[in-house]
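A.B. asks: Can you read through this structure? Questions will come right after.
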Amino acid sequence: MNGAVATEATRRRAQPGANGKTSGQREEPAQWGRAWEVDWFSLSAVIGLLCFAPFIVFYFVMACDQYQCSISQPVVELYRGEATLLTIWARAPSFTWTAAKIYAIWVAFQLFLYMCVPDVMHKFIPGFVGGVQDGARTPAGLINKYEINGLQCWLITHVLWIANAHYLHWFSPTIIFDNWIPLMWCANILGYAVSTFAFLKAYLFPTNSEDCKFTGNVFYNYMMGIEFNPRIGKWFDFKLFFNGRPGIIAWTLINLSYMAKQQELYGHVTNSMILVNVLQAIYVLDFFWNEAWYLKTIDICHDHFGWYLGWGDCVWLPYLYTLQGLYLVYHPVQLSDAHALAVLLLGLVGYYAFRSTNHQKDLFRRTDGNCSIWGGKPAYIECSYRSADGGLHRSKLMTSGFWGVARHFNYTGDLMGCLAYCAACGFGHLLPYFYLVYMTILLVHRCVRDEHRCGSKYGKDWKRYTDAVPYRLIPGVF
Ligand code: NDP
C-alpha cells in the first residue's frame, strides 16, 4: 500500500457538532463520482437544459421539415413578423397513433431481444467478448454483472430490416423518415417517463441505496440522476438498455431509412449519403463489438441515471446524431471524388485514433500493465484511491502510447470522425455541422468533468500524471 497516496486520496471534511460549530476534522474517503453540491452556475445550466433541450431538438427537425434545413429562416420569419412561435409550432406534424404503435413495437422488440435472447455470438466469434460480464467497481464498492448481447440484438434487428425491405414488405423502409416528427413526440414521452420513473425509484425502492447521491437540489437530482446503476430485477439495467437499444441500435436504422427515402425521392442514392451511412455504421458496430468495454466508460462507471441519460438516449441521440442523413434527404449532395475521398480518409483516421486509444487503455488495464504498447512495455504512474466503503484500491495511469500524447486522444479521434460526417454534407448549410459543435462541447465538458473526478479520486497522483502528460486533446494547443 502506498501510504502517502492513501493519505492524499483521503479528503478532510469539517464535521459540524451538535451546537452547529465545527467539532474537529475526521478522515473520510474521497467522494468521487458526480457532484454532491450544486453551484449556481450548474443549477442554471441544468434548468436551462431541462427547459430548452427538447425545443432545440424540435427546432432542428422542424427546420428540415418546414424550411429545407435552413436554421436561420425560421428566425428571419419571426423577425419580419411573417411567422410566430405558435404558427411554426402548429405547422409541424403532431403526435399520431400510427407513430405511437410503431414506437411501442420498436421498444417492445428491443426489450424482448435484450432480456430474452442471451448472447451466443461470443461462443463462435473469436475475440468477441459477450455473455455475462463484470462492470467496473461502483463508488460503494459493488461490481455489477451485465448480459452483453448488443451485437446480437443489432444484427437480428438489421437482418430483419433488410429482409423486410427486400422480401417481406411488412412496412416501407422509409417508415422512420415518414413518421419522423410524430415519432419524436413518442420518444419524448418515453424519455420523460423513464427519467421520472428513475427519479421516483431512487426515493422509493433504489437498487443499491449506497450508490445513490442526493444533492438537496431537486432539478439537479432529476437531471443528473440519483441512482448509479438502477435496475429492475437482476438483469434489466437502465443504462445499458436505454443507451444501447432505443439509442444506438436505432442510429443505423434511421440512417438506412434516410437512404431509402433518397432512393424513393430522387431515384438514386448520393455518395455523401453512403459515406454518412458507412462511417456512422462503423462507429455503431464498434460500440457493439466493444460493448463489454463500454461497461468501463464514464457513462456506466461514473454517471448516475437521470434525465441526462434517460431522455438523452431516447430523444437527443437518435434525433441529433442523425442530422447529416436527414439533411441529405432534403439536399442530396453528390461529392466530387476528391472530396469524398478526403471525407473517407478523415473518418477512417479519426476512427483509428479513437479505437486505438480506447484499445490501449483497455489492454493496459486488463493486463495490469503487462502488455506491449507501440512495441514496448508501457510506462505508468502508480496510484491508489478509496471507495466509499473505506476500502483501499490500487490503480495505474498509463503515460505511453496515445495516453502519453494527450490525456484524451480518444476524444480527439472521435471529433475527427464527427468532422468527417459533417463534411460529407458539403458546405451549403450550417445545420449538419451542429453535431460537431455539440460533440466538441460535450467532449470538452466531459474531459473537464472527468479530470475533476480523477483529481479527487487520485489526489496527488493525478497531478503527477497531468505533469507528465500536459495536454488534454491536442498536444501544444489544449
Ligand atoms: P475514457 O474512456 O477516456 O475514460 C476515462 C477514464 O479512464 C478516467 O476516468 C480514468 O478512469 C481512466 N484513465 C484516464 N487516464 C488514464 C490513463 N492514462 N491510463 C489509464 N486509465 C486512464 O472516457 P469516456 O468513457 O468518456 O469515453 C469512452 C469513449 O466513448 C471515448 O472514445 C469517447 O470519445 C466516446 N464517447 C462518445 C460519445 C458520443 O456521444 N458519441 C459520448 C461520450 C464518450 P479510472 O477511474 O478507472 O482511473
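Placed from the backbone N, Cα and C atoms, the Cβ positions cover glycine too.
Heads up, TrEMBL stuff is auto-annotated, nobody curated it.
Okay, these came from TrEMBL:
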{"type": "REGION", "residues": "1-30", "note": "region 'Disordered'"}
{"type": "TRANSMEM", "residues": "40-61", "note": "transmembrane segment"}
{"type": "TRANSMEM", "residues": "151-168", "note": "transmembrane segment"}
{"type": "TRANSMEM", "residues": "180-200", "note": "transmembrane segment"}
{"type": "TRANSMEM", "residues": "265-285", "note": "transmembrane segment"}
{"type": "TRANSMEM", "residues": "305-323", "note": "transmembrane segment"}
{"type": "TRANSMEM", "residues": "335-354", "note": "transmembrane segment"}
{"type": "TRANSMEM", "residues": "418-444", "note": "transmembrane segment"}
A.B. asks: Taking 3+ C-beta pairs under 8 angstroms (sequence gap of 6 or more) as contact, is the transmembrane segment (40-61) in contact with the transmembrane segment (305-323)?
C.D. replies: yes
A.B. asks: Can you say which of 180-200, 305-323, 335-354, 418-444 has the most Cβ pairs under 8 Å with the transmembrane segment (265-285)?
C.D. replies: 335-354
A.B. asks: Using a Cβ distance cut-off of under 8 Å, indicate which of 180-200, 335-354, 418-444 has the most pairs with the transmembrane segment (305-323).
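C.D. replies: Out of the listed stretches, 180-200 contacts the transmembrane segment (305-323) most.
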A.B. asks: Hey, which bits of the same chain come close to the transmembrane segment (335-354), Cβ under 8 Å, at least six residues off its ends?
C.D. replies: 270-272, 275, 279, 282-283, 286, 402, 409-410, 412-421, 423-424, 426
